[in-house]
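Peer 1: To start, I am sharing the structure in question, which I have written as structure tokens.
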Amino acid sequence: MEKLNFLLKNTALLPTNLQKERLVQLVLLLNKWNKAYNLTSVRDPMEMLVKHILDSIVVSPYLQGNIFIDVGTGPGLPGLPLAIINPDKKFFLLDSLGKRISFIRNAVRELELTNVEPVLSRVEEFKPDHQFDGVLSRAFASLKDMTEWCQHLLTDQGFFYALKGQYNMEEVSALSAQFSVEKIIEMNVPELVGKRHLVLLKKIRINLMNYL
């Protein structure tokens with residue numbers, strides 16, 4: 001907890017004591033499961049706080065809307081940390097590997113989270129009965145693949161939130177003309193070596209009246 005409090009001082013985030021306890025508990029669960037299921041290459045719990053928890057929750061101030069899907073979530077990143085500090089928002093966490101979804105289900109139960117829905121599926125095959133205000137991805141795919149595979153999940157007003165390391169103009173150039181980059185935000189993740197960026201993208205709405 002001491003380490004987490006120190007890291008949070010270098011952000012604008014103000015989680016409650018219960019939320020901080022749950023973030024620490026999530027790290028302990030991830031560390032425990034990781035020994036058997038190899039969910040992440042990060043082995044040190046202190047490193048997990050920086051590389052997984054802080055790297056996820058710094059996105060929180062930029063989320064617009066109430067219902068989100070985290071595609072290729074792995075062991076629930078960034079979805080689980082974001083759900084912990086945003087109890088008023090709903091998060092669907094999608095992955096195609098059973099062991100990852102098993103971990104997420106266990107974490108949801110242990111942390112008593114009521115705003116998380118684990119989904120075992122490939123993103124292309126997932127056909128929900130509603131769309132989402134935001135599609136999140138962290139180390140999931142290129143911008144081109146993310147937008148094309150996930151476009152059916154997003155409302156017309158929604159955003160794609162792509163967490164990236166070094167910003168790559170080649171990825172932007174490869175985007176289909178039906179998507180636009182709305183904003184690129186350089187993220188400050190305390191004690192994380194290397195640059196982090198949040199890329200916000202939208203679907204371009206075509207006004208059919210222009211063609212009549």
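Keep in mind that glycine also has a Cβ here, set from the backbone N, Cα and C atoms.
In case it's useful when we look at the structure, here is the feature table from Swiss-Prot:
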- Gly72, Leu77, Val123, Glu124, Arg138: S-adenosyl-L-methionine binding site (BINDING)
Peer 1: Return the residue, from the listed binding-site residues Leu77, Val123, with the maximum count of other C-beta atoms within 10 angstroms of its C-beta.
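Peer 2: The most densely surrounded of these binding-site residues is Leu77.
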Peer 1: 10 Å Cβ neighbour count around Gly72 (S-adenosyl-L-methionine binding site)?
Peer 2: 22
Peer 1: Using the residues the record lists for S-adenosyl-L-methionine (Gly72, Leu77, Val123, Glu124, Arg138), what whole-number Å value is the largest Cα to Cα distance?
Peer 2: 19
Peer 1: What number of additional C-beta atoms lies within 10 angstroms of the C-beta atom of Arg138 (S-adenosyl-L-methionine binding site)?
Peer 2: 21
